[in-house]
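**Q** Questions regarding the structure given below will be posed in turn.
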There are 2 protein chains.
Amino acid sequence: MASSSTFKTLFVLILLWILLPSGHQHHPLDPLTPSELAQIRTIVKGWNPGSTHNLTFQYVGLEEPDKPTILSWLLKHPTKTPSRQAFVIARVDKKTHEIIVDLSTHLVISDRIYTGYGYPLLTFEEQTAANALPLKYAPFIASISKRGLKLAEVVCESFSVGWFGERRRSKRVLKILCFYLDGTENLYVRPLEGITVVVDLDDMKITEYYDRFVVPVPKADGTEYQASKQKPPFGQRPKAITVVQPDGPGFKIDGHTVRWANWVFHLGFDIRAGPIISLASIYDIEKNTFRRVLYKGYVSEMFVPYMDPTEEWYYKTYFDAGEYGFGLCAVPLEPLTDCPANAVFMDGYFAGQDGKPIKISNVLCVFERYAGDVMWRHTETGIPGKVIREVRPEVSLVVRMVSTVGNYDYIVDWEFKQSGSIKAVVGLTGVLEVKGVTYTHTDQIKENVYGTLLAENTIAVYHDHFLSYHLDLDVDGDDNSFVKAKLQTTRVTDKSSPRTSYWTVVKETAKTESDARIQLGSDPAELLVVNPNKKTNVGNNVGYRLIPGSSAASLLSDDDYSQIRAAFTKYNVWVTPYNKSEKWVGGVYADQSRGDDTLAIWSQRDREIENKDIVLWYTLGFHHVPCQEDFPLMPTLSAGFELRPANFFESNPVLNTKPPKHVVWPNCTTKVQ
Amino acid sequence: MASSSTFKTLFVLILLWILLPSGHQHHPLDPLTPSELAQIRTIVKGWNPGSTHNLTFQYVGLEEPDKPTILSWLLKHPTKTPSRQAFVIARVDKKTHEIIVDLSTHLVISDRIYTGYGYPLLTFEEQTAANALPLKYAPFIASISKRGLKLAEVVCESFSVGWFGERRRSKRVLKILCFYLDGTENLYVRPLEGITVVVDLDDMKITEYYDRFVVPVPKADGTEYQASKQKPPFGQRPKAITVVQPDGPGFKIDGHTVRWANWVFHLGFDIRAGPIISLASIYDIEKNTFRRVLYKGYVSEMFVPYMDPTEEWYYKTYFDAGEYGFGLCAVPLEPLTDCPANAVFMDGYFAGQDGKPIKISNVLCVFERYAGDVMWRHTETGIPGKVIREVRPEVSLVVRMVSTVGNYDYIVDWEFKQSGSIKAVVGLTGVLEVKGVTYTHTDQIKENVYGTLLAENTIAVYHDHFLSYHLDLDVDGDDNSFVKAKLQTTRVTDKSSPRTSYWTVVKETAKTESDARIQLGSDPAELLVVNPNKKTNVGNNVGYRLIPGSSAASLLSDDDYSQIRAAFTKYNVWVTPYNKSEKWVGGVYADQSRGDDTLAIWSQRDREIENKDIVLWYTLGFHHVPCQEDFPLMPTLSAGFELRPANFFESNPVLNTKPPKHVVWPNCTTKVQ
């Protein structure tokens with residue numbers, strides 16, 4: 001007769017067999033699967049038997065194996081995958097717990113109470129609960145009534161509160177602002193200005209309430225963006241257009257490993273970062289091997305400060321990744337519109353507040369991009385009697401996520417080129433955050449309104465968007481250096497040349513972190529990450545170049561509290577030595593953070609970065625002065641940067657890449673729907 | 001009986017009837033037709049009966065009617081087209097003539113001898129003749145023999161000589177440099193370094209010859225770029241991919257007028273500028289009218305200075321538009337590779353050196369671009385119980401030319417967006433100009449070599465590319481102002497806000513030209529061209545914003561002779577009052593110019609530019625530090641800028657534009673070739 005404990009063990013084993021994914025072996029960087037998330041929930045709940053009703057999962061993500069473990073796994077692959085672990089941030093009895101769960105032993109292997117400043121990511125569930133509170137709160141109902149508005153048309157949203165030098169530790173609170181539908185579904189453009197509700201999330205109750213003034217709610221007319229709500233005259237409808245690949249896509253996705261042309265990389269998903277590109281390597285035909293480029297790339301933080309110091313607006317200094325979850329806010333991508341017809345989609349999973357797995361369908365798409373561009377070309381007419389023309393069209397691979405953080409939609413692209421470039425582009429669209437005012441015409445405005453009057457009673461407040469990318473480049477190996485190749489004007493004063501000036505390149509290798517902080521636009525320089533231990537045949541250091549697009553750095557003063565929290569926005573470029581714990585440039589606990597765990601703080605140690613495993617942090621910025629075209633919904637505004645091989649290859653790596661075959665459509669009965 | 005003169009008149013009339021285009025009426029900005037070019041030739045030759053053998057046509061282009069004439073024609077259209085005139089720069093008996101020909105009266109209405117500094121565009125014919133001279137020149141043949149090379153494998157090319165402060169007026173000369181094929185058709189990477197031939201173009205003979213040193217000719221191996229010459233292993237061939245529009249293109253081209261979506265513009269072609277966009281207007285649904293945006297846009301000049309002060313290289317400071325003709329160097333576009341499958345092509349015509357019309361097939365292409373991007377989108381989850389998702393894919397219209405100025409290929413795109421944006425992008429590809437050296441490894445280099453060692457014996461010299469765009473914006477009318485909207489940090493010191501800083505916008509309207517010279521990257525500012533006489537309903541000035549991409553300004557010293565000639569590269573932005581004669585920022589006569597007819601000189605007058613018809617000049621720059629990937633042919637490197645409506649429309653102009661229909665392919669028997 002089996003004892004009770006033997007029976008229990010057998011049960012657990014069967015359960016495991018059901019829950020664990022069969023068939024394909026995990027890549028050690030694969031995001032947590034639904035069954036793993038379920039397992040984590042069981043383990044964590046089992047670990048806190050007394051507090052189940054007070055336990056919320058604020059973040060559940062993969063606790064990655066150490067970098068050497070990953071690299072050695074990759075080298076000896078296929079072999080046993082390193083044990084799977086998860087990092088959980090939970091709130092248990094109003095305390096923040098950092099829990100590490102081991103999925104092979106089913107044990108909590110560490111549980112630490114975090115006592116520092118700042119709070120973890122906000123869950124959807126607690127925001128939803130908080131948003132519902134005003135609608136049953138008598139003073140709020142009275143405010144709505146006073147304004148002659150219908151309560152049923154009011155919807156509320158959650159806004160993080162920031163930190164403004166308060167010494168006393170604040171409770172875990174949100175501010176709730178409300179909006180008015182009544183004839184539109186574009187809620188953000190109809191703010192109930194003047195009303196602020198403060199909700200304590202741990203007690204889930206309203207702790208403060210302000211109704212400071214009444215201004216008109218901007219009108220609903222002209223604010224709808226849905227096709228079904230539009231009225232004629234319509235803009236000219238573009239003719240049907242699509243991308244076609246009759247032989248199917250040129251890439252293969254095996255689990256989370258993407259192989260395309262000369263690239264291979266791992267594509268993960270995290271509710272904080274969104275897409276995570278790992279282990280991107282490029283095949284070098286000449287060397288007949290894959291060579292490492294990017295160990296890891298992701299959006300570490302996004303800082304969105306608004307520029308209105310008044311009572312209702314001063315605190316709007318959002319950390320979209322650390323507060324709201326850039327991946328958590330990812331929306332299902334719509335086939336044929338969000339991604340072209342030749343896209344392949346991937347689902348994403350995360351743990352809900354109760355720990356149960358939740359799916360985001362189509363959270364990422366992967367597609368080959370053909371925009372009619374030219375990869376390289378030349379027409380040669382210099383040889384008498386001959387005309388040579390060689391043209392290679394550009395086909396690249398794009399990985400896309402769209403994250404809708406409340407009103408704003410961020411289109412996040414990673415683009416891989418056959419030539420070895422990796423481009424990151426972010427597109428901003430969606431709805432502006434606007435402020436209700438009494439003004440209906442700019443002539444009435446005699447004070448600073450901190451924004452643009454976009455429509456009657458509607459000011460779109462000036463703001464910035466700063467996206468900071470973690471770029472752990474491992475250019476042809478772990479140890480790299482950061483080089484500023486400065487372009488310096490040289491005067492010719494000795495009559496040795498008819499020229500009186502030219503520029504030359506003076507390369508400076510950054511020794512320590514302070515050498516590598518750069519505000520773009522100051523001095524002309526090429527920025528390179530090189531492998532000082534690898535040279536090309538003719539002796540150049542193997543490297544990759546960072547090509548910034550148009551960018552911006554923060555204009556806030558250094559002692560501004562929001563700037564202290566988002567100190568990474570002070571420079572566009574930082575370089576640090578690799579440190580597994582340094583992931584989130586605004587700190588692990590960004591909500592109400594006080595700037596004690598930021599890139600700027602880590603970097604104060606001024607560590608050595610020459611010929612080390614280094615991480616490049618690039619911050620892309622937009623200063624946004626809204627204009628009327630951004631209303632009621634803004635056309636996409638994009639910016640990005642490129643990592644481009646610079647003496648990484650011996651020569652043009654796409655010289656002998658054959659162009660794609662031409663497509664001919666002889667017998668199509670096409671339909672346009 | 002008909003008299004002889006009656007007979008002659010009849011003959012001329014019949015000839016005209018044959019030569020003149022029938023059917024479609026000329027747009028006053030249409031480029032000269034082949035028959036018009038033939039007519040001009042006849043008229044100019046008839047005007048110079050004694051000098052026919054010494055008459056060369058260096059430039060023949062449309063002499064545009066004055067701006068008010070064009071605008072009034074446009075307003076009263078259709079009406080009689082203003083009389084067609086041509087501007088001819090001819091060399092007659094070693095003198096430069098500026099001739100204006102009237103095509104309706106068949107008369108030369110003005111013939112002026114130009115006596116200033118500088119020479120007109122180089123013709124292909126004279127370059128070809130000059131290039132052939134060394135091959136029959138005994139000292140050159142001896143130099144080739146001395147190097148043990150085969151004369152039959154030598155090809156020579158023409159290089160403009162610049163100006164370096166010489167007081168004496170130079171003759172009209174070129175320097176001829178030669179290259180070695182022998183196993184490659186990529187001639188530029190095999191220079192015969194050390195040999196310089198100077199050719200007097202008027203006498204078409206060698207006037208100076210230098211063979212100063214011998215260095216190895218870089219090897220041919222690995223320099224071929226033609227598919228037919230490649231050896232395995234090959235790069236992975238991309239899967240077939242194409243763009244399909246089953247209902248055909250969404251644009252219409254009537255003569256040179258292009259209509260697409262909400263845009264209409266005239267697309268001209270000029271051998272100096274390449275494509276010329278004129279009279280671009282956008283339809284405003286709300287106002288039910290076309291509104292003017294860009295009276296004219298084109299590349300006014302391209303300056304390409306190399307950074308090597310040594311004897312064989314110092315003079316390489318090319319003006320690709322003014323010396324070589326940016327349009328003259330345009331190459332026929334290859335369908336399916338240079339432009340996508342849905343492109344429509346236009347031919348271009350120019351006058352050869354003898355004045356006879358020459359066709360460039362497919363000199364421009366026009367296509368709708370669909371890259372899988374998103375024009376605007378939003379997902380709304382903030383309304384309880386609802387999920388709203390609206391996505392509009394981005395389809396834009398591209399006009400493309402490729403100009404191959406010797407070794408370099410420039411892909412010049414003008415992109416129109418439904419949202420009102422006009423983007424200009426230039427892609428650089430083709431072959432680098434390299435210098436033969438003795439070095440085979442960087443370890444051997446102990447001096448400044450002014451470039452990167454790309455391969456054995458091959459230095460790619462540092463250089464810049466500066467493209468200056470003439471942008472005659474007429475934002476909703478003639479009179480516009482240029483506004484710098486400076487983003488200024490404001491400190492909060494009075495405890496009126498928990499914030500300690502924010503930024504605000506301080507608008508400065510440029511009064512005179514000196515107020516509008518801007519080096520990008522200095523201070524954060526939005527740059528706007530506004531119509532101070534037009535306001536939106538809520539009172540914002542109607543405007544367009546210039547959004548620079550990554551750019552560069554010249555690093556040469558102000559007193560450098562090349563910099564004096566290309567003084568427009570000192571600032572990225574200049575604004576001038578409209579002046580019909582101010583077209584070419586490096587001067588009408590760029591070859592050997594001395595900087596006395598440049599944008600910087602015109603602008604010294606510091607004219608008033610507020611509420612005037614103004615022209616924006618934007619210079620796009622690349623500092624090019626070559627890398628091995630650029631060898632033997634460089635992958636495209638792009639940069640550009642955007643003109644984006646800013647309070648031009650009352651609201652998002654593409655809000656109610658219906659998305660293109662979806663394409664479904666039910667019964668295709670596709671073939672891939």
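The first residue you see is number 1, and the count goes up from there.
Even glycines carry a Cβ here, placed using N, Cα and C.
Annotations in TrEMBL come from automatic prediction, not curation.
Copying in the features that TrEMBL gives for the protein in this structure:
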ACT_SITE  A:D320  active site, proton acceptor
ACT_SITE  A:Y408  active site, schiff-base intermediate with substrate
DOMAIN    A:27-113  domain 'Copper amine oxidase N2-terminal'
DOMAIN    A:120-217  domain 'Copper amine oxidase N3-terminal'
DOMAIN    A:242-655  domain 'Copper amine oxidase catalytic'
SIGNAL    A:1-25  signal peptide
**Q** Three-state secondary structure of A:Y408 (active site, schiff-base intermediate with substrate) from DSSP?
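**A** In the DSSP reduction, A:Y408 (active site, schiff-base intermediate with substrate) maps to strand.
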**Q** If I restrict to non-local contacts, at least six residues apart, and a C-beta distance under 8 angstroms, what lies near the residue listed as 'active site, schiff-base intermediate with substrate' in its own chain?
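**A** Residues satisfying the criterion: A:V304, A:L428, A:T429, A:G430, A:V431, A:H465.
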**Q** Tell me, what is the mean pLDDT of the domain 'Copper amine oxidase N3-terminal' (A:120-217)?
**A** 97
**Q** For the domain 'Copper amine oxidase N2-terminal' (A:27-113), jot down how many residues DSSP puts in helix, in strand and in coil.
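**A** Going through the domain 'Copper amine oxidase N2-terminal' (A:27-113) residue by residue, I get 30 helix, 32 strand, 25 coil.
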**Q** Taking 10 A as the limit, how many CB atoms besides its own sit near the CB of A:D320 (active site, proton acceptor)?
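**A** Result for A:D320 (active site, proton acceptor): 25 other Cβ atoms within 10 Å.
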**Q** Looking only at the domain 'Copper amine oxidase N3-terminal' (A:120-217), what are its DSSP counts of helix, strand and coil residues?
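**A** Looking at the domain 'Copper amine oxidase N3-terminal' (A:120-217) with DSSP, the answer is 27 helix, 28 strand, 43 coil.
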